[in-house]
Amino acid sequence: MHHPVAPVIDTVVNLAKRRGFVYPSGEIYGGTKSAWDYGPLGVELKENIKRQWWRSVVTGRDDVVGIDSSIILPREVWVASGHVDVFHDPLVESLITHKRYRADHLIEAYEAKHGHPPPNGLADIRDPETGEPGQWTQPREFNMMLKTYLGPIETEEGLHYLRPETAQGIFVNFANVVTTARKKPPFGIGQIGKSFRNEITPGNFIFRTREFEQMEMEFFVEPATAKEWHQYWIDNRLQWYIDLGIRRENLRLWEHPKDKLSHYSDRTVDIEYKFGFMGNPWGELEGVANRTDFDLSTHARHSGVDLSFYDQINDVRYTPYVIEPAAGLTRSFMAFLIDAYTEDEAPNTKGGMDKRTVLRLDPRLAPVKAAVLPLSRHADLSPKARDLGAELRKCWNIDFDDAGAIGRRYRRQDEVGTPFCVTVDFDSLQDNAVTVRERDAMTQDRVAMSSVADYLAVRLKGS
């Protein structure tokens, strides 16, 4: 098996666009910078990632429940959380090209390339577009929250924000969940949803966009146990990616330096994936933060509502600390695609070998679980194959393809990660059996048509 090293990220981006995983948003109008739509295969992969996260983090545990909070929250929420005052990035403009950049990103890229920070700051950084010695404006603070106005007139009273994270919708519902779900620490609240950030320099395909989806969970604990729980969730979340097929050597843990921690954090560790970006190949998949009691304390102070917890057994009242694993759905999407991409060889009908592109996605993530392929468009084969496809579709997402040579159809399915191909051939008319081909090893089993669903159920467990 050959995992191409060269610009695999570019190859995967092209594959994603060509096969309908991802489309540029509004493409017929020229597109929107760094905005993407998810096509038929992309939306299935996204849903499967979400399903696996939800099972692992929420429904697979007895100490976590789910929530779905509003995208537009009261403005006071963002004042209390600190986002109105501190959710800023340093913006600089090149005096050569007049393009704008995040100053910290320019400095980080320099450090990644040279192994040390620029001795003279921005003055040492060349213009990314032209390569000339850089000429930069003074950095200024740029608030990344997207504004909107509610009501018929754009007034200060109507000013609201599209949420830059899903977490705050969880914190403001802490007391509701404690009461209605009868939960007490240690317990968590999970949420998957859209967030919005007015990024200065979006890019790297779907890695950094202004509209994105998060998979976040806030885990509320006694303060004395916070460090232990923090390490637990770092280990748990790292293992989740490995269990779903990402190779360990392509993952690393990155500890935020104390001087770069967010205003709420005592310690943050990022799970990073080796995407292969220019400059620094590593990119954040997920941050796991010890947010201390900052969130519940600030919302209690600003709202006047008591958000502490009373421990009846020990007769003590405390404000819980929060451990937050916060994952980017579309970043996970990108990592799973890149890590699954392989090239190998498969035998052709002429006795030779052809190059084969395969997405070795875990079957639980694969957009299509099986493809039903009649050997030809024969009047007796197609109806039988369509009936089988309809039966299997009751359980899984199934493709039906009767166009072209069978070898070419296998390749089409391999390229999008379909784990199984079910071929209805002329022998099927006599023995009521089909050939089931497995994607990775290309092994084939003859299976009775009445047993195909059971055969797949064993091999698609957890899908």
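Glycine is treated like the rest: Cβ placed from N, Cα and C.
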(message) Which residue does Swiss-Prot record as N6-acetyllysine, given the choices Lys17, Lys33, Lys394?
(response) Lys394
(message) Need the DSSP three-state call for Arg210 (ATP binding site) to compare against my parser.
(response) coil
(message) Can you give me the Cα-Cα distance between Glu216 (substrate binding site) and Leu329 (ATP binding site) in Å, rounded to a whole number?
(response) 10
(message) According to DSSP, does Lys394 (N6-acetyllysine) sit in a helix, a strand, or coil?
(response) coil
(message) Given the binding-site residues Arg197, Glu199, Arg208, Arg210, Leu285, tell me which ones have a C-alpha lying within 10 Å of the C-alpha of Ala327 (substrate binding site).
(response) Leu285
(message) Using a 10 Å radius around its CB, how many other CB atoms surround Arg197 (ATP binding site)?
(response) 20
(request) Count the Cβ atoms, other than its own, that fall within 10 Å of the Cβ of Lys394 (N6-acetyllysine), considering every protein chain shown. (result) 8
